[in-house]
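Trainee: My questions all concern the structure below.
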Amino acid sequence: MTTRTKGRGHTAATTQNDRMPGPELSGWISEQLMTGRIPVSDIFCDIENNPGLCYASQMQQTKPNPKTRNSQTQTDPICNHSFEEVVQTLASLATVVQQQTIASESLEQRITSLENGLKPVYDMAKTISSLNRVCAEMVAKYDLLVMTTGRATATAAATEAYWAEHGQPPPGPSLYEESAIRGKIESRDETVPQSVREAFNNLNSTTSLTEENFGKPDISAKDLRNIMYDHLPGFGTAFHQLVQVICKLGKDSNSLDIIHAEFQASLAEGDSPQCALIQITKRVPIFQDAAPPVIHIRSRGDIPRACQKSLRPVPPSPKIDRGWVCVFQLQDGKTLGLKI
């Protein structure tokens, strides 16, 4: 910073840029000189003694370099804007942001209320899933009942009422009271169809055979196997294999009578033959925590076709009461478990 004395005794503080104008001002002066708008005499004048006569000096004072800032004025021409407009713009922006915030809070509240409203639907989904599973099981049991007993279209009381009114039993499968049919047959009622007589005789003979076997003190494994086979549908199923395992272990432990009694008791309670076999593995002590027997076979083709879909990888410690019937071991050492 240097200090120089101007004409008329005024002293002003100037910077290096004041004495050496920038290229912008020099270019502008050159353009004005070449076009003749500024006389040459105005340029080559006594700047020190007559600064007021110099056009360039006036232009330097009235049009300063935008890149420089005078020490007396702190206003930058680039920032020479209306601050009121900036304030108004910021205020409007703040208003918009506030409105968006309010809208977001309202949307969040609506989403929360919607979630609260959907909670009963979530709970209902569990109930529907449970009902679906139970209904599927019930339909499967009903189909099994229809296949094994025929579709009953009326109760025993309704059958008796129809028979008494029309003088003949209703068409199709129906439920009959054993004592009522016995009385009709013994009284030689001519309205009893031949098919009903044959069915009653077969039922009567089966009952007597069951009572005979049930009262037999020592039942053989072969007889017990045949009795269980007679109750099972199909052939070579996993339950047929389970019958063989039950009879084999029962014979080794002298528990055939207990197994037979348990089987008949389950049937008397209304259980299916398959369910009765499973109950034996869970109720008779010799099957609790018992490992399934290992059966050596040459190839997978030796396993009955009805058992193929029930084969599973063998777990570390299979148990009969957990549904593992037996373990098939192939010649190459690979094992397959039969699971029900």
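The count begins at 1 with the first shown residue.
Each residue, glycine too, has its Cβ placed from N, Cα and C.
Copied straight from Swiss-Prot:
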type: COILED; residues: 96-116; note: coiled coil
type: CROSSLNK; residues: Lys309; note: ubiquitin cross-link
type: DOMAIN; residues: 215-340; note: domain 'VP35 IID'
type: MOD_RES; residues: Ser187; note: phosphoserine
type: MOD_RES; residues: Ser205; note: phosphoserine
type: MOD_RES; residues: Thr206; note: phosphothreonine
type: MOD_RES; residues: Thr207; note: phosphothreonine
type: MOD_RES; residues: Ser208; note: phosphoserine
type: MOD_RES; residues: Thr210; note: phosphothreonine
type: MOD_RES; residues: Ser310; note: phosphoserine
type: MOD_RES; residues: Ser317; note: phosphoserine
type: REGION; residues: 1-49; note: region 'Chaperones the nucleoprotein'
type: REGION; residues: 1-24; note: region 'Disordered'
type: REGION; residues: 33-48; note: region 'NP binding region'
type: REGION; residues: 33-48; note: region 'Disordered'
type: REGION; residues: 83-145; note: region 'Homooligomerization'
type: MOTIF; residues: 71-75; note: motif 'Required for host DYNLL1 interaction'
Trainee: Give the distance between the Cα atoms of Ser187 (phosphoserine) and Ser310 (phosphoserine), rounded to the nearest whole Å.
Mentor: 52
Trainee: Can you tell me how far the Cα of Ser317 (phosphoserine) sits from the Cα of Ser310 (phosphoserine), in Å?
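Mentor: Rounded to the nearest whole number, the Cα-Cα distance is 18 Å.
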Trainee: May I ask you to report the DSSP-based helix, strand or coil state of Ser187 (phosphoserine)?
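Mentor: Going by the DSSP assignment, Ser187 (phosphoserine) belongs to neither helix nor strand, so it counts as coil.
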Trainee: What count of other C-beta atoms do you get within 10 angstroms of the C-beta of Ser317 (phosphoserine), across all chains shown?
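Mentor: Cβ-Cβ neighbours of Ser317 (phosphoserine) within 10 Å number 9.
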Trainee: Run through the Cβ atoms and count how many others sit within 10 Å of the one on Ser310 (phosphoserine).
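Mentor: Its Cβ shell of radius 10 Å holds 19 other Cβ atoms.
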Trainee: For a three-state summary based on DSSP, what are the helix, strand and coil counts in the region 'Homooligomerization' (83-145)?
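Mentor: Per-class counts: 63 helix, 0 strand, 0 coil.
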Trainee: I'm checking region-level scores; what's the whole-number mean pLDDT for the region 'Homooligomerization' (83-145)?
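Mentor: Averaged over the region 'Homooligomerization' (83-145), per-residue pLDDT gives 85.
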Trainee: Using Cβ atoms only, which residues of the same chain lie under 8 Å from Lys309 (ubiquitin cross-link) while being at least 6 residues apart in sequence?
Mentor: none
